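What follows is a set of notes on a single structure, which appears directly below.
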């Protein structure tokens, strides 16, 4: 298997952490679409949203997805990457999509424990636990619909990587 592996899920589910470890385990490259965008625009996600709005950000996000996709690469996508049907189709057709599933309470806890200065701005302006519940309610079907494999992301990163590797081996058999 050499095609790209796309990591999808809400903020805080572990896409970047797990993606790095998975890339090491497989000998693949690793790219985070948000970090790629920040490096190519010299702006944080919050800056892009402030200057161009969410629509402009989503357009940049879709372009970044296409630019970074290559064989033997793990791609950690932004939590909203699945909102565009074209992105879902692209990821599903070009590689294997892994959905790292975690409940809203765990996501909020992780985001509160590890706040980032350049973290995406709030979508709703409400407390993070409420926002994550709303985000999952709106996106859960999209994450599951695009995914080739759904992985429980409530475990430690090493256990999640082991679960992903097992799922990939089973699908390759």
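Just so you know, glycine gets a Cβ as well, placed from its N, Cα and C.
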Checklist entry - So Swiss-Prot lists 34, 58, 79 for substrate; which of 139, 144, 169 goes with them? => result 139
Checklist entry - Given the ranges 97-111, 112-126, which one is assigned the annotation region 'LID domain' in Swiss-Prot? => result 112-126
Checklist entry - 32, 34: which of these binding-site residues has the highest Cβ count within 10 Å of its own Cβ? => result 34
Next on the checklist: Taking the Cβ of each of the binding-site residues and counting other Cβ atoms inside 10 Å, which one has the highest number: 16, 17, 155?
Outcome noted: 17
Item to check | In three-state DSSP terms, the structure that residue 139 (substrate binding site) belongs to | outcome: helix
